[in-house]
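Sharing a structure with you now.
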There are 2 protein chains.
Amino acid sequence: MTTKNAFYAQSGGVTAVINASACGLIETARQHGDKIGKVYAGRNGIIGALTEDLIDTSLESDEDIAALRYTPSGAFGSCRYKLKSFEENRAEYERLIAVFKAHNIGYFFYNGGGDSQDTTHKLSQLSQSLGHDLRCIGIPKTVDNDLPLTDNCPGFGSVAKYVAVSIREAGFDVASMARTSTKVFVLEVMGRHAGWIAAAGGLAAEREGESPHIILFPEITFDQEKFLAKVESTVKKHGFCCIVVSEGVRNPDGTFLAEAGTRDAFGHAQLGGVAPVVADMIKTAHGYKYHWAVADYLQRAARHIASKTDVDQAYAMGKAAVELALDGKTAVMPTIVRTSNNPYQWEIGVGELKDVANIEQMLPPHYISEDGFGITAECEEYLRPLIMGEDSPPYVNGLPQYVRLKNLPVEKILNEPFDL
Amino acid sequence: MTTKNAFYAQSGGVTAVINASACGLIETARQHGDKIGKVYAGRNGIIGALTEDLIDTSLESDEDIAALRYTPSGAFGSCRYKLKSFEENRAEYERLIAVFKAHNIGYFFYNGGGDSQDTTHKLSQLSQSLGHDLRCIGIPKTVDNDLPLTDNCPGFGSVAKYVAVSIREAGFDVASMARTSTKVFVLEVMGRHAGWIAAAGGLAAEREGESPHIILFPEITFDQEKFLAKVESTVKKHGFCCIVVSEGVRNPDGTFLAEAGTRDAFGHAQLGGVAPVVADMIKTAHGYKYHWAVADYLQRAARHIASKTDVDQAYAMGKAAVELALDGKTAVMPTIVRTSNNPYQWEIGVGELKDVANIEQMLPPHYISEDGFGITAECEEYLRPLIMGEDSPPYVNGLPQYVRLKNLPVEKILNEPFDL
């Protein structure tokens, strides 16, 4: 087999461990220099391929590539850019193939969520029909944990750990203050469609009465009366009430709770945030003093509190992607297969991209407690291993020392502009 | 000297390390059983003393007391309850003395901010005039770092570290996304009057162009035009802009930015949060896509990312308080005295409570950069040592394992109700 270069791109919202996948991929590719020449990364994801803006990762030291394992975010830049269908914009796909041909790229690795796997699948089909030998491998990534086929998604475990740690710590704080001050605390977390991240908050409570007392899932239609009653009974019983709310919680009419109609002085639509909406609702009904937090990007960037399981799996996905490609596979994605819960054991599987594209894996009903405000023992059994283990980054001057790569460009060959 | 019992109470907003002070105090008291009998803690702070609701800490194991060193929040409960002046409510002070006499309490330790030091001072005066021998020692605590006399306050260093870590991590995230998506990120932090916490965000940026690009301090009147121009020039130069905003930032007319007039559909005043106000302002002016986070209690409860310097100093303050009392001192507070910046060295000093009460230490002007949006090298030199060192709590099942004490009550002797 002749030596071909590889293309790697990061896609969509980044995570605390997507760079660990990049690390696994590049380190593994470097061990196979007889088959894989250079790994070119797309600057800002697939846009880098479309615009022939490639990064030569061979110019990065082994040390810096190793540091990707503990560096959050997308080291080469990511993008929110969904390729259209063949019918709508075949030119985009043809352009990708043209760039890959020009740079002798025989391996395509796309690190992202459902849309990215869909793109990878389409590209594998097109490359075959255009006669360019391109092995197309997806690498799973999403904090939302909503990809099918894989037991869990790299990126999720670390957000889950962040949320569980945060709501536990805030719970201790509020318990201290509740006698004369704050009685209610609301933490807003990500998950517009699936409640996996919110569910992870439930791992913080080990005993009856511990934080969080209530979880609001996007899978459960919000019932204001029932919710307010639960808040009141919790405060009466335990003195305080901690709530994890998913950004995606909806009213019975289908609107997001976050769109509660808040307007500024000029009548502009509200500024976002479901946490203040929920907190204010409680204040109005019961008069309890509240505090609220919106974790936003902090939760998915928090490499300092990443799950070791998550880091290991993200790295393994990058490594397995290269191995699958070298094994001649295309249109596939490495997956995580859970083989045992206790002790937790997992191995690498393979999923067909045709079965992955555009399916969202929601929190199953039996993972949500009967009253709709908590998680079941089965859910905890699923989630717990994913937050296990700590994997602290190195610290310099009191702060985590993350790497910034040189990200030097590959000289253009086509050198033709391409309109996005 | 006869054996007397000690009273210890936690006051005001809790921190990641106030329990480390409790740990230092109780462990040190236990080493002096010939002079200090039992340490009684006030359940929910000074309210526990007023209502004769005392916790017998002698019933807690050495192991559990040791665990306070790494447990955030106030283990005995805190309260927001300010004693009035002698003239307004002398009965409260007399009640405290009565409870202390009944329980043979000869040592009063009050762990809190400026108000608490004021109360401690008054109590020392009253006990003398009432002929009850009570040694009154304050123990500094506040995330706001605004107490005078001490170089810094236990509680602040850990919030500072949390904020610096968080805005660094978010900065990496936004840099990845900026090409096609989020260009502006706003993190709201605590500090209603003093900008110490916001300033700590500045430690995250090591090189030109790194996050945070802008800090908004409560000490600097908000200049919208100048701010929006700086955001625009930052995005044009670096591709993205990360902002740390203090909750206490004010408009030229003196109103808080957070009170920007946002109202819900029913005309209720806005739900709080300066971050969304700032983010929306940028969107309106420049159209940049934004994300924002409000750290709220997460920042002060985040024991998982505490500063080792802070933990050590908090412990040392508790220990020193006991030693001062045993040394016959009263109406004093142990302080942190910085003796060297590089290498950072500090020692324990002593402050007179009459000089502490009700003075707020603001960020000095020479700590803020000329344009008003950053910190100076001198500020960094002051702040850096305070976030140095990591002091990870133990982890069990993927989460920090914090202690919950038994908190068993001391039998009442007076047994008379007291109206708060």
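Cβ atoms are placed via backbone N, Cα and C, with glycine included.
Where the annotation comes from TrEMBL, it is an automatic prediction and has not been curated.
Feature table excerpt (TrEMBL):
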- B:9-324: domain 'Phosphofructokinase' (DOMAIN)
- B:GLY13: diphosphate binding site (BINDING)
- B:ASP115: site 'Important for catalytic activity and substrate specificity' (SITE)
- B:LYS141: site 'Important for catalytic activity' (SITE)
- B:THR142, B:VAL143, B:ASP144, B:MET190, B:GLY191, B:ARG192, B:GLU247, B:TYR297, B:LEU298, B:GLN299, B:ARG300: substrate binding site (BINDING)
- B:ASP144: active site, proton acceptor (ACT_SITE)
So which recorded positions out of B:ASP115, B:LYS141, B:THR142, B:GLU247, B:ARG300 end up within 10 angstroms of B:GLY13 (diphosphate binding site), measuring C-alpha to C-alpha?
B:LYS141, B:THR142, B:ARG300
If one looks at the chain holding B:ARG300 (substrate binding site), which residues at least 6 apart in sequence have a CB under 8 angstroms from its CB?
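Once residues fewer than 6 apart are set aside, B:ARG300 (substrate binding site) is near B:GLY13, B:VAL14, B:THR15, B:ALA16, B:PRO72, B:VAL143, B:GLY155, B:SER158, B:VAL159, B:MET190.
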Are there recorded positions in B:GLY13, B:LYS141, B:THR142, B:GLY191, B:GLU247 whose CB lies under 8 Å from a CB of chain A, and which ones?
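Sorted by position along the sequence, the hits are B:GLY13.
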Measure from the Cβ of B:LEU298 (substrate binding site) and count the other Cβ atoms within 10 Å, all protein chains considered.
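Looking across every protein chain shown, the total is 27.
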Ten-angstrom check, please: count other Cβ atoms within 10 Å of the Cβ of B:ASP144 (substrate binding site), all chains counted.
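Looking across every protein chain shown, the total is 25.
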Near B:LYS141 (site 'Important for catalytic activity'), which residues of its chain come within a Cβ-Cβ distance under 8 Å, counting only those 6 or more away in sequence?
B:GLN10, B:SER11, B:GLY12, B:THR15, B:ILE18, B:SER21, B:ASN111, B:GLY112, B:GLY113, B:SER116, B:CYS153, B:PRO154, B:GLY155, B:ALA314
Please work out the number of neighbouring Cβ atoms within 10 Å of the Cβ of B:GLU247 (substrate binding site), leaving out its own Cβ.
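Its Cβ shell of radius 10 Å holds 24 other Cβ atoms.
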Can you tell which of B:GLY13, B:GLY191 has the most other C-beta atoms within 10 Å, given these are the binding-site residues?
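Of B:GLY13, B:GLY191, the one with the most crowded Cβ is B:GLY191.
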Radius 10 Å, atoms counted are CB only; among the recorded positions B:ASP115, B:THR142, which position scores highest?
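That would be B:THR142, with the most Cβ atoms nearby.
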Would you report the average pLDDT that the model assigns to the domain 'Phosphofructokinase' (B:9-324)?
94
Write down the Cα-Cα distance for B:ASP115 (site 'Important for catalytic activity and substrate specificity') and B:THR142 (substrate binding site), rounded and given in Å.
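The Cα atom of B:THR142 (substrate binding site) is 11 Å away from the Cα atom of B:ASP115 (site 'Important for catalytic activity and substrate specificity').
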Checking the spread of the substrate site as listed (B:THR142, B:VAL143, B:ASP144, B:MET190, B:GLY191, B:ARG192, B:GLU247, B:TYR297, B:LEU298, B:GLN299, B:ARG300): what is the longest Cα-Cα distance, in whole Å?
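For the residues that bind substrate, the greatest Cα distance is 16 Å.
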What Cα-Cα separation, expressed in whole Å, is found between B:LEU298 (substrate binding site) and B:ASP115 (site 'Important for catalytic activity and substrate specificity')?
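Computed Cα spacing between B:LEU298 (substrate binding site) and B:ASP115 (site 'Important for catalytic activity and substrate specificity') is 24 Å.
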Rounded to an integer, what is the Cα-Cα distance in Å between B:ASP144 (substrate binding site) and B:ASP115 (site 'Important for catalytic activity and substrate specificity')?
13
How many Å separate the Cα atoms of B:GLU247 (substrate binding site) and B:ASP115 (site 'Important for catalytic activity and substrate specificity')?
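Counting only the Cα atoms, the answer is 21 Å.
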